[in-house]
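S.K.: The structure is given below, and queries will be raised subsequently.
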Amino acid sequence: MSQLEWKNKTAVMEFILLGFGNDSKLHSLLFLIFLSIYIVTITGNISIIVLVMANRHFHTAMYFFIGNLSCLEICYSSNILPRMLLSYLDEDRSISFTGCFTQYYFFGCLAATECYLLAVMSYDRYLAVCRPLHYPVYMNGKLCLQLAAASWISGFLSNSILTFLISNLDFCGPNEIEHFFCDSFPIIKLSCSDTRVAGLATSIVAGICSLPPFLLTFLSYLSIIFVVMRIPSTTGRKKAFSTCSSHLIVVILFYWSILTVYVFPHYNTQISLNKIFSAFYTILTPLVNPLIYSLRNKEVKEALQKQASKLLYFRDFLS
């Protein structure tokens with residue numbers, strides 16, 4: 001292509017998020033479903049954060065990291081769902097060039113942060129189960145703050161380079177993104193310039209952000225299983241494993257959906273399937289996290305019941 005022909009190309013100023021189809025009746029149903037999910041996600045995760053901050057019994061390393069995870073899930077959902085809900089209301093699926101890459105930047109940052117944070121939480125459970133006598137010394141307040149800060153900072157730094165590389169690609173049409181949010185591979189697919197460097201950088205950064213945390217998480221739980229299986233009593237094994245079973249469920253849900261989307265080959269026949277699996281880690285995982293940590297945790301359930309009783313008593317007192 002000559003330089004004159006290239007200059008005559010119209011630069012893409014906005015993208016169209018195709019989402020889950022063009023059926024208006026389906027959009028009404030999806031709006032109600034995603035609105036309900038968003039309300040429950042925000043309410044549940046805020047409840048976890050308030051509970052951890054208000055109850056001194058929860059001022060421990062495990063609940064500190066759970067609070068961080070709940071904060072992350074609020075940001076995760078708020079980065080994607082409000083824009084999607086708005087598109088179902090006004091039937092406008094367009095998103096500006098800047099808005100698309102802003103969404104992608106925060107999505108990538110939060111996804112990387114969640115990988116690191118889940119690894120930190122698995123290390124915390126490893127110390128609690130495998131090194132119980134040294135746990136209070138190792139997992140002190142200062143280390144908890146450092147690990148949480150490192151997770152957030154590393155996550156936000158990791159996606160800065162990718163966002164810069166992909167946003168500087170040339171986009172001259174088409175501008176329809178076969179997804180419900182701005183993600184790296186669907187965006188790169190639309191570029192009309194050489195995408196080899198951006199594609200390679202995406203693979204490298206994705207590997208750095210996901211593989212080491214996944215291996216640390218895997219090794220931590222492998223060690224936990226070996227230690228728990230050596231406990232002679234069945235009651236002791238159940239009690240030891242109950243301290244990390246909730247986190248293990250969250251890890252399985254998150255990595256299962258992530259690996260399905262980003263490791264399996266991307267054929268056109270898999271586009272709809274990839275969108276469904278993407279919904280698992282972007283929409284459903286933030287929803288189920290507070291449910292898992294509350295419904296499977298006796299201490300959290302008791303604390304929630306006490307708070308609910310106090311609110312009911314206060315309401316009756318005012319009336």
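Each residue, glycine too, has its Cβ placed from N, Cα and C.
In TrEMBL, annotation is done automatically, which means it is predicted and not curated.
Feature list, courtesy of TrEMBL:
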- 44-293: domain 'G-protein coupled receptors family 1 profile' (DOMAIN)
- 29-54: transmembrane segment (TRANSMEM)
- 61-81: transmembrane segment (TRANSMEM)
- 101-123: transmembrane segment (TRANSMEM)
- 143-166: transmembrane segment (TRANSMEM)
- 204-228: transmembrane segment (TRANSMEM)
- 240-264: transmembrane segment (TRANSMEM)
- 276-295: transmembrane segment (TRANSMEM)
S.K.: Go through 101-123, 204-228, 276-295 and flag the stretch with the largest number of C-beta pairs under 8 Å relative to the transmembrane segment (29-54).
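M.R.: Comparing 101-123, 204-228, 276-295 against the transmembrane segment (29-54), the winner is 276-295.
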S.K.: Name the range, of those listed as 101-123, 143-166, 204-228, 276-295, that has the largest tally of Cβ pairs under 8 Å with the transmembrane segment (61-81).
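M.R.: Between the stretches 101-123, 143-166, 204-228, 276-295, 101-123 has the largest tally.
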S.K.: What stretch, picked from 143-166, 204-228, 276-295, has the most CB pairs under 8 A with the transmembrane segment (101-123)?
M.R.: 143-166
S.K.: Would you mind listing the long-range same-chain contacts of the transmembrane segment (204-228), meaning Cβ under 8 Å and 6+ residues beyond its ends?
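M.R.: Beyond its ends, the transmembrane segment (204-228) has Cβ neighbours at 111-112, 115-116, 118-119, 122-123, 125-126, 129-130, 155, 158-159, 161-162, 237, 240-241, 244, 248, 251, 255, 258, 262.
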S.K.: I need to check the long-range neighbours of the transmembrane segment (276-295): which residues 6 or more away from its ends have a CB within less than 8 Å of a CB in the stretch?
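M.R.: Tertiary neighbours of the transmembrane segment (276-295) are 34, 37, 40-41, 44-45, 47-48, 66, 69-70, 73-74, 76-77, 80-81, 107, 111, 179-181, 183, 246, 249-250, 253-254, 256-258, 260-261, 301, 304.
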